[in-house]
Amino acid sequence: MVSDASKKKAAQKKAAAAAKRGGKAAAPSKSAATSSNGVDSLSSGVDALQISDRTCTGVLCSHPQSRDIRIESLSVTFHGYDLIVDSMLELNYGRRYGLLGLNGCGKSTLLTAIGRREIPIPDQMDIYHLSHEIEATDMSSLEAVVSCDEERLRLEKEVEILVQQDDGGGERLQSIYERLDAMDAETAEKRAAEILFGLGFDKEMQAKKTKDFSGGWRMRIALARALFIMPTILLLDEPTNHLDLEACVWLEESLKNFDRILVVVSHSQDFLNGVCTNIIHMQSKQLKYYTGNFDQYCQTRSELEENQMKQYRWEQEQISHMKEYIARFGHGSAKLARQAQSKEKTLAKMERGGLTEKVARDSVLVFRFADVGKLPPPVLQFVEVSFGYTPDYLIYKNIDFGVDLDSRVALVGPNGAGKSTLLKLMTGELHPTEGMVRRHNHLKIAQYHQHLAEKLDLELPALLYMMREFPGTEEEKMRAAIGRFGLTGKAQVMPMKNLSDGQRSRVIFAWLAYKQPNMLLLDEPTNHLDIETIDSLAEALNEWDGGLVLVSHDFRLINQVAHEIWVCEKQCITKWNGDIMDFKRHLKAKAGLED
């Protein structure tokens, strides 16, 4: 007899399948953009075309008034490719989830689907999806943060109207005051200022118009808005990408206290360890759940996979023995034939009950930079260099240092201290105001920075783009060169606009490596890379025999590859006496945060 639970599950799957055939989300809830808090309106504006490229189905199984979310039979398709198939999404109130998975598996697509309510999220749950920077307007950064709390502004305007009435507003006014008190409305501006300060905005910057900030700083303002609103569901996609190390430390400590539902995609293992209470792993088109932070996830996953492989091998050995026995004695004497039939029944029972699957291993990428040999020092030397974009404002003053092919240097310091400027002085893109930069005649420098992605012709496939960049190269040789950075098969020949940001980053690394430099300057190379790819990059850099200067907000990558930490601050460059984790503890102490 079929159980009620089985009937319910079958009905859910049937509903999901019907919705999928219709190309719409199952049981869609109305947008909360019209709700009292208006949070969703902040993250709206995705084109209809983008939405039509994505198909989502799922059945809400948790109670509509519950603070926890459980969606079964979840499937997500993007450009006709299945990203998630018949899985379960479970988000519990008070938990902070790290969403992991290889580049291109659909992490950002899943966040967008949740943020756009393309899967059934209860109406009373407000969502903030940090996906893009705020608009450039005449509003100050502080005003941009405070003004985003539409519910508070609406209630304060209603108070102004009610107090003018003859009855003084009555019960309605009292209920509004209670709500404003719960929202801590009187200290709204103070809270907004504290958040902005933590993200690197001093008082002068808080008064500055948003249109006068770069895209990276406007993304910080958008992050400040998300933290200020405190939505029920907060979705963050690589929130540390535009932050310096100091702001990363502050954000990590701030999110530790987020007591609603947080889902964060991050390539920083250190950040995930500090923030997350749970991990969701996207693998084989399924969502798998683990309790604990990133390190605990790694340990638990390793133990589970080891046990799974032991069970798999045992089952396969049993199956092999039984099949061999059946084939050998199935037509023998009556006694042996009965035993063979018994084993046949046992085998059929095992198969009906479901056999243990072989562990699906994530494909391990192996990056490789060609060895270039040594050059006699000095290779790159700064002699009493001063530099400023204007005569009245010097970023560096009388700095002296040298970098050789044995150097493995990480540049750290607050945003605006001149880390990227120093890299441009090294390449010759900028010239010193005073002093001299000496480069060896045979020094070949290659620089990675985020703006390289903007130069990619996204209409072209990666293979054709590389063939045009390096004319005369044989196609097979170029395929191999791109493949060394984890882009293989169809990914090489489809337009790059259909690749994930992480896959495009791999194209850039392949382009840099093909230049065969003997010194690499890497400015935030981990943005958009998954954790496995970052580990492969670190391994390749450690095996390479060239010089390295690194700017990164990823504490773990710095710890993996850097031999020296140079602090850029107050027009100077100072060598830090310790490793990067010592520097992190220093930043926490400086900000008055507990270790």
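Every residue, even glycine, has its Cβ placed from backbone N, Cα and C.
Taken from Swiss-Prot as is:
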BINDING   101-108, 413-420  ATP binding site
COMPBIAS  13-36  compositional bias 'Low complexity'
DOMAIN    69-309  domain 'ABC transporter 1'
DOMAIN    380-595  domain 'ABC transporter 2'
REGION    1-41  region 'Disordered'
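Within the same chain, residues at least six positions away from Lys107 (ATP binding site) with a Cβ under 8 Å of its Cβ are Leu99, Leu100, Gly101, Asp237, Val265, Met282. Other C-beta atoms found within 10 angstroms of the C-beta of Ala417 (ATP binding site) number 21, with every protein chain shown included. Taking the domain 'ABC transporter 2' (380-595) as a whole, pLDDT averages 92 in the prediction.
There are 23 other Cβ atoms within 10 Å of the Cβ belonging to Asn103 (ATP binding site). DSSP assigns Lys107 (ATP binding site) to a helix.
The binding-site residues in question are Cys105, Lys419, and the one with the fewest Cβ neighbours inside 10 Å is Cys105.
Neighbour list (Asn415 (ATP binding site), Cβ cut-off 8 Å, at least 6 residues apart, same chain): Gly200, Leu243, Asp244, Ala247. With a cut-off of 8 Å between CB atoms and residues at least 6 apart in sequence, the same chain places Asp244, Lys419, Val567, Cys568, Glu569 near Gly413 (ATP binding site), listed in sequence order. Using a 10 Å Cβ-Cβ cutoff, Gly101 (ATP binding site) registers 21 neighbours.
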